[in-house]
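J.: This is the structure I have questions about; it appears just below.
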């Protein structure tokens, strides 16, 4: 239920958050939702019961829902379609690498700070994560330009060129959203096909990301080694994401690269579920899953 409350809020607030973003300043909205997430994480350390944790997870999902799609939308305001995959892959790769070490960091913090100032290790983990998030949010407000036209570090000629080269893109959009545009999106069959594709990618991806330490632990490693060995599939996935993105942008193709990556991921899952294979081969399968699955996210988004 606790995990579910996060994703229920995420689903409900993802679209509204992006509508707000398109009608306000990105530097304000993105920084605000980051700050809200940081505050909620800190408050989680003070949770006393199941209901409080579930409410806080719901609020975290509500605010975090706008961050990923909002950042992707923001990137599209700076780059042409054949330049976006690499940039979005860089962004996604940072999240992937964070996922590689978040469990290990939480484990280390929980162990090192256990009972410090009468707080449990898991409480310190939330306090530290939340504080770092709040700090980054405050810096982001001053560092993020709202668009190429308002970037103070570009010359007037460069700002004009940045706007002109994007105005010829088929996906060029204004900085605001009207009601009829929202209705048109809900009536576009391609949106629903993209939703189905993204669901088929994220369902195995989230399962893999959440349970990779448990998967490695099931191969016979202890808790600490499980956290350490959970990192390489994420790191390899980040590397393959950048390689696929560069090749995809240069070729101007998305579909063929997406299919190839999915086939690689299927091969990795096949090794994981096979019974009569050695532990190193199963672990190799986990690494292959990461190599194939993680590039699918930015590639499908930019398609």
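Our numbering is plain: 1 for the first residue shown, then up by one each step along the chain.
Cβ coordinates come from backbone N, Cα and C, glycine included.
Below, the features straight out of TrEMBL:
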DOMAIN    1-303  domain 'Major facilitator superfamily (MFS) profile'
TRANSMEM  27-47  transmembrane segment
TRANSMEM  54-76  transmembrane segment
TRANSMEM  88-112  transmembrane segment
TRANSMEM  124-144  transmembrane segment
TRANSMEM  191-216  transmembrane segment
TRANSMEM  228-248  transmembrane segment
TRANSMEM  254-274  transmembrane segment
TRANSMEM  281-301  transmembrane segment
J.: At an 8 Å Cβ cut-off, counting only pairs 6 or more apart in sequence, do the transmembrane segment (124-144) and the transmembrane segment (254-274) clear the bar of 3 or more pairs?
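T.: Contact criterion not met.
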J.: To the transmembrane segment (191-216), which of 88-112, 228-248, 254-274 is linked by the most Cβ pairs under 8 Å?
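T.: Stretch with maximum Cβ contacts: 228-248.
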